[in-house]
């Protein structure tokens, strides 16, 4: 069970971060369908930097510092890429769903193109050594070995960064003037503008924050689950979008939704570690494709949950609606 939970953390934390990324954008009134693309760009920038630095031995003695720098660069990459969404959605008042979809398509192609241009032999794969980033601490090993295994031995510092982002996001949205004004721009932009709030500036800020967190979340997802990045995050950005909707654009609900979907995702890749499931597969695989069923569980759960909760969803009222108020 400790192994399953530790693996689940590798899926829960990026889901949480990327869903919060979408929350900031949509709270400001801009629908961010481009979460998938932001993750791809962030993962590309972060893994490429790690690859180059490990190749020359830079910061070999301080892997956690290298990881933090990589996360910042991944976030910056996502923020820069999100500026395209901001330009299309805010300045050009284009259809935000179409714009976001176009950016998703662009991101994957751009990551593959750049990987081939920047690496030898036109390689698409960006390889890295992820093991050096594990905390591998025995802080609670003698007292609570399972807890130590999950949170200190097999964990990455990204686990705690995700928790910090959740706390900060909750405080910013509910307890600060900035957060309240941001939400006002996504609910009643005309009213917000009438009392002196610069809606354009807040929407741009929401999109850039979304881009930063989305890019950061891309690296948080890509790093622990593989030893190379190949220009895709396998639809994880869309799963984060489902988490955002199921979480009703509220940080703590998003956390619960991320745990729910993250557990299903972890089960889809670790089901073989449960003896009863392995026995079931051995006995009935020829009749029922249990392996395939477990692998598609996260996506089945997504469809079922969204079908049930869609009628009760309450997105920000002006989310997705271009702002065209007189005086701008």
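For all residues, glycine too, the Cβ spot is worked out from N, Cα and C.
Just so you know, TrEMBL annotations never went through curation; they're auto-generated.
In TrEMBL this protein carries:
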- 6-24: transmembrane segment (TRANSMEM)
- 31-50: transmembrane segment (TRANSMEM)
- 65-90: transmembrane segment (TRANSMEM)
- 97-115: transmembrane segment (TRANSMEM)
- 155-174: transmembrane segment (TRANSMEM)
- 204-223: transmembrane segment (TRANSMEM)
- 229-247: transmembrane segment (TRANSMEM)
- 254-274: transmembrane segment (TRANSMEM)
- 286-308: transmembrane segment (TRANSMEM)
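Same-chain residues lying 6 or more positions outside the transmembrane segment (97-115) and placing a CB less than 8 Å from one of its CB atoms are 31-34, 36-38, 40-41, 43-44, 48, 81, 84-85, 88-89, 123-126, 231-232, 237, 320.
Within the chain, the transmembrane segment (204-223) has long-range Cβ neighbours (under 8 A, six or more residues past its boundaries) at 10-11, 13-14, 17-18, 20-30, 32, 34-35, 38-47, 50, 67, 70-72, 74-83, 85-86, 89-90, 128, 130, 133, 156, 158, 161-162, 165, 182, 185-186, 229, 233, 236-237, 240. Remark: the transmembrane segment (65-90) contacts the transmembrane segment (31-50), by the rule of 3 or more CB pairs under 8 A. If one looks beyond the transmembrane segment (229-247) by at least 6 residues along the same chain, the residues whose Cβ comes under 8 Å of a Cβ in the stretch are 14-16, 18-19, 21-23, 26, 33-40, 43-44, 47-48, 104, 108, 111-112, 115, 124-126, 128, 214, 217-218, 221-222, 253-258, 260-261, 265, 298-299, 302, 305-306, 309-310, 313, 315.
Long-range contacts of the transmembrane segment (31-50) within the same chain: residues 14, 18, 21-22, 25, 66-67, 69-71, 73-78, 81-82, 85, 89, 96-97, 99-101, 103-108, 110-111, 114-115, 118, 126, 128, 207, 210-211, 214-219, 221-223, 228-229, 231-233, 235-238, 240-241, 319-320, each at least 6 residues beyond the stretch ends and with a Cβ under 8 Å from a Cβ of the stretch. If one looks beyond the transmembrane segment (6-24) by at least 6 residues along the same chain, the residues whose Cβ comes under 8 Å of a Cβ in the stretch are 32, 35, 38-39, 78, 149-150, 154-155, 158-159, 162, 165-166, 169, 173, 182, 206, 209-214, 216-218, 220-221, 224-225, 236-237, 239-241, 243-244, 247, 249, 251, 254-255, 257-259, 261-263, 265-266, 269-270.
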